[in-house]
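Asker: Here's the feature list from TrEMBL:
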| type | residues | note |
| --- | --- | --- |
| COMPBIAS | 12-39 | compositional bias 'Gly residues' |
| COMPBIAS | 106-121 | compositional bias 'Acidic residues' |
| COMPBIAS | 587-600 | compositional bias 'Acidic residues' |
| REGION | 1-121 | region 'Disordered' |
| REGION | 580-600 | region 'Disordered' |
| REPEAT | 200-241 | repeat 'WD' |
| REPEAT | 252-293 | repeat 'WD' |
| REPEAT | 295-337 | repeat 'WD' |
| REPEAT | 338-379 | repeat 'WD' |
| REPEAT | 489-515 | repeat 'WD' |
Amino acid sequence: MSDPFFAPVKKSGGGASRGSSRGGSRGSRGGSRGRGGRSGDSRAINPRPKLDTGKKNRATTSMAGKRKHRGDSDDEDTGSGARRSRKGAVEDDDEGGDEIGAGGIDDMDLDFGESDDDEDDEALLNETPAQKRLRLAKSYIDTLQHTGEDEIGYDAEDIDRDNIADRLKQDALEIQGRLHRHLAETFQFPISAEKAVITCRGHNLAVTSVTATESGLYAYSGSKDGSIIKWDLKTGKKLFVFPGGRKNVVDFKGHTDHVICLAVSSDNQFLASGGKDKKINIWSVQDNKLLHCFQQQHKDTITGMSFRKGQNNQLYTVSNDRTVKLWNVDEMSYIETLFGHQDSITAVDSLAKEHCVSTGGRDRTVRLWKIVEESQLVFRGGGFIRPKKLNKDVVEEPKLVATPGVDGGVIMKEKKDPSFLEGSMDCLAMIDEENFLTGGDSGTISLWNVNKKKAVFSMPLAHGFHTQPLDYSNGEPTPSGGVETPYWITSLASLRYSDMFVSGSWDGTVRVWQIGKNMKNFSLLSTIPVIGVVNDLQLYQPTLSKKTLLVAAVGQEHKLGRWLRIKEARNGLKIVALAPKSKEAEQEGGEDDAEDEDDE
């Protein structure tokens with residue numbers, strides 16, 4: 001056809017093919033080199049990505065070598081003189097080494113080097129998030145291992161390898177909630193109240209709650225007088241006071257009624273407080289000022305709150321309105337409300353996972369809320385508790401008890417099989433992501449596992465009995481007679497991911513407990529004398545200190561009411577430093593353990 005559109009396409013490189021004959025090889029190849037291409041080569045070159053400076057220099061050198069190599073090949077066609085000239089050039093090149101000759105980098109060498117770099121670049125571009133995390137983790141481990149060399153040149157890589165592995169394993173177990181540290185036996189008991197206990201006073205009414213920063217620098221206490229006080233944990237000195245205001249005062253920057261609960265974020269930036277005025281106040285730890293106030297979100301008294309451990313400052317709050325609410329403190333925003341409890345919620349606790357545990361007071365249930373799955377697990381307590389055998393280390397079983405008789409009289413009867421009805425579940429503490437503790441007005445402490453519907457272990461009458469007077473008609477109890485009733489469990493706190501926790505009541509002691517290695521029981525380890533109602537407890541190891549601290553909020557009254565009053569008590573904080581055992585005590589303890597094993 002005459003139409004140029006249908007004209008046959010001319011193949012490129014045809015002239016170069018003809019030029020590769022013996023008569024015109026040099027001219028064609030020279031022209032090819034002048035244009036910077038290789039049209040005379042029958043092999044096609046794949047397009048390459050743009051090279052960096054180092055690659056470009058290497059490629060230039062390699063190309064120069066190939067051009068010289070091809071020039072020598074052209075000379076080879078002219079005759080024996082060219083062969084002798086080429087041989088001499090090779091010998092000169094071997095002796096000098098400065099100029100790349102026939103023995104230089106060939107085409108395969110250039111392609112191989114470029115393909116490796118290209119493959120690395122493509123691997124990085126096609127890398128998945130999981131592969132990237134793995135690569136960064138390996139790089140981090142290599143960095144940690146190479147930091148083991150000291151100035152002398154001693155390589156501590158072998159020594160640090162085990163420490164790095166233990167550290168990574170510890171982090172993974174903590175995230176999964178399966179890290180258990182056996183620390184209870186490492187502390188020195190009993191504790192001397194005069195030397196180890198610091199008393200902090202500053203509130204006019206009963207102290208209801210306490211919290212402390214994970215750094216171990218500050219502690220905060222809330223009171224029925226509506227104020228919050230910031231304390232120095234090392235010295236026990238008062239640093240700052242967030243005053244309370246009068247009831248029903250509008251736009252007051254603070255609380256206008258009882259402060260019931262406090263919580264500090266794990267990054268030590270925010271302090272959250274709640275109470276009877278239905279407000280949730282967010283304070284700045286560093287600047288000591290109010291940042292935000294959530295009003296009228298809860299419809300009744302706020303009884304508990306807890307920050308999720310980790311980078312996300314997610315806050316859980318519970319109230320007498322029977323709801324659990326979630327907040328994003330970083331954004332100062334509300335997230336959602338969880339429903340399920342049938343009575344006032346008395347406490348809430350959480351750890352690293354996006355879960356929280358709450359106790360429902362008189363509905364006698366504990367609920368594990370799974371936020372992401374939008375589901376909940378219900379653990380039912382309550383009922384009559386009939387201990388088969390009382391722990392004599394905890395309480396001495398009474399032989400006779402008083403019961404009311406006719407005309408105001410008292411009848412003394414022998415107590416055979418004590419049984420108590422659990423009316424309310426008032427406090428809880430999480431040990432790890434799978435185990436937690438609860439306490440209530442029956443005086444029983446129960447150990448739970450999220451995979452079991454019923455409590456794994458229960459300690460009835462954990463703080464013993466007290467005598468409940470029978471007659472209050474004259475405003476004072478009668479001197480004779482009374483009903484033996486258990487001390488309520490008013491507070492619980494655990495040393496996270498360990499085998500130790502503490503409990504409080506108003507029997508005059510804070511009791512320290514040790515959990516068994518199989519997480520199926522616990523036993524009394526020691527007692528710390530504290531006079532008053534222990535309304536709240538905190539037990540933790542500060543990040544900036546090697547000491548383990550116990551902080552107790554003590555008052556003359558219970559934080560939720562005025563059912564009792566202890567005149568001998570003083571409203572304030574008790575800061576107790578738990579000292580580790582001395583080396584001699586540890587050696588003696590190890591010998592005792594060895595003897596016990598031999599006896600067995």
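Yeah, the Cβs are placed from backbone N, Cα and C, and that goes for glycine too.
Just so you know, TrEMBL annotations never went through curation; they're auto-generated.
Help me picture these features in the structure, burial and contacts included.
Answerer: Residue counts of the repeat 'WD' (200-241) by helix, strand and coil are 0 helix, 22 strand, 20 coil (DSSP-based).
The helix, strand and coil residue counts that DSSP assigns across the repeat 'WD' (252-293) are 0 helix, 21 strand, 21 coil.
Sequence-distant contacts of the repeat 'WD' (295-337), counting only residues of its own chain at least 6 positions beyond either end whose CB sits under 8 Å from a CB of the stretch, comprise 260-267, 269-270, 272, 274-276, 278-280, 282, 343-352, 354, 356, 358, 360, 369, 371, 560.
Only residues 6 or more beyond the boundaries of the repeat 'WD' (338-379), in the same chain, are considered here, and those with a CB under 8 A from a CB of the stretch are 174-175, 177, 300, 303-310, 314, 316-326, 422-430, 432-433, 436, 438, 440, 448, 450, 453-455, 496.
Beyond the ends of the repeat 'WD' (489-515), by six or more residues, the same chain brings 174, 177, 179-185, 187, 189, 351, 426-432, 437-441, 443-445, 447, 462-464, 466, 521-541, 548, 550, 552-553, 558-559, 564, 566, 576 to within a C-beta distance below 8 angstroms of the stretch.
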Asker: What same-chain residues lie close to the repeat 'WD' (252-293): Cβ under 8 Å, and 6 or more beyond its ends?
Answerer: 208-215, 217-218, 220-224, 226-228, 230, 240, 242-246, 299-311, 313, 315, 317, 319, 327, 329, 332, 559-560
Asker: Over the repeat 'WD' (200-241), what is the model's mean pLDDT?
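Answerer: A mean pLDDT of 95 is what the model gives the repeat 'WD' (200-241).
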Asker: What are the DSSP helix/strand/coil residue counts across the repeat 'WD' (295-337)?
Answerer: 0 helix, 23 strand, 20 coil
